[in-house]
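Trainee: When I checked TrEMBL for this same protein, it listed these features:
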ACT_SITE  157  active site, proton acceptor
BINDING   14, 15, 16, 17, 92, 157, 158, 159, 160, 161, 190  NADP(+) binding site
DOMAIN    8-188  domain 'Ketoreductase'
Ligand code: NAP
């Protein structure tokens, strides 16, 4: 079976806004049909679907909380119903609950680990079953430069993103012989709702540490994701690509 002759289908978790929306649009521009997952933002997800359709691909929005096994199962069932197959999984959904460790609650630690790391594990499990069977797949996990450098006030978030790197490399080893690649993209400081929530002083301080002298755009990150999902990248697996204007080197 030549996979290039088929229209590929992707599941993008947290595709309703920010980096996830840019990933959905970039994949749609490559002719990939897209399942736009969201948790709360129904209207934003509908906007992403419209952008994918304008780019020439088919797309559907699917509400599911990826931090639960039931949510992930429902997401992949909906993807199968919409497009019959899942060739690409982008684990992009993520949250922050920042605090210094003495004030960080167990609840906030668990919430971040559940959404960012357990959600990716559950989606990988759903995807791997299908990808191994079809002997084809591309998985990309959204990590972060804080997984490599740490960040005061983000022990929970950094742990979840470092966990994703371990997950990526281990799963890459498990699935490589089945023509399924697993890679990670580690963004630096990207202009989205997530970083807009930071105080201006913190944003200015972070910008100072970026050799490129500017924050990145969601499209900068989406281009790296699309690189890993491209047909030409079939021999790339277990890699972590920083998209950070030089921040973490
Ligand atoms: P964002 O603007 O805050 O968007 C987060 C997305 O995740 C939304 O679509 C949200 O959906 C979805 N989401 C959150 N929890 C979910 C859940 N339990 N189930 C399903 N969807 C869920 O974030 P972003 O800045 O685009 O970040 C995207 C990814 O890149 C995240 O994993 C983040 O950690 C990572 N990252 C971002 C930066 C940065 O500078 N922005 C840097 C490094 C890494 P709803 O709105 O529908 O709830």
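Each Cβ is built from the backbone N, Cα and C atoms, and glycine gets one as well.
Predicted automatically and left uncurated, TrEMBL annotations should be read as such.
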Trainee: What is the interatomic distance between the Cα atoms of the residue listed as 'active site, proton acceptor' and residue 190 (NADP(+) binding site), given in whole Å?
Mentor: 16
Trainee: Under a threshold of 6 Å between Cβ and any atom of ligand 1, which of the recorded positions 157, 158, 160 are retained?
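Mentor: Near the molecule: none at all.
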Trainee: Could you check what DSSP calls residue 160 (NADP(+) binding site) once collapsed to helix, strand or coil?
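Mentor: The residue in question, residue 160 (NADP(+) binding site), is helix (DSSP, three-state).
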Trainee: Within the domain 'Ketoreductase' (8-188), what mean pLDDT does the predicted structure show?
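Mentor: Averaged over the domain 'Ketoreductase' (8-188), the predicted model reaches a pLDDT of 98.
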Trainee: Please give the NADP(+) site's span as the largest CA-CA distance among 14, 15, 16, 17, 92, 157, 158, 159, 160, 161, 190, to the nearest whole angstrom.
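Mentor: If we measure all Cα pairs in 14, 15, 16, 17, 92, 157, 158, 159, 160, 161, 190, the largest is 24 Å.
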Trainee: Determine the Cβ neighbour count for residue 14 (NADP(+) binding site): the number of other Cβ atoms within 10 Å of its Cβ.
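Mentor: I get 27 for this one.
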Trainee: Please list, in sequence order, the residues in the chain of residue 158 (NADP(+) binding site) that are at least six apart in sequence and whose C-beta is under 8 Å away from its C-beta.
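Mentor: Non-local contacts for residue 158 (NADP(+) binding site): 144, 146, 147, 150, 151.
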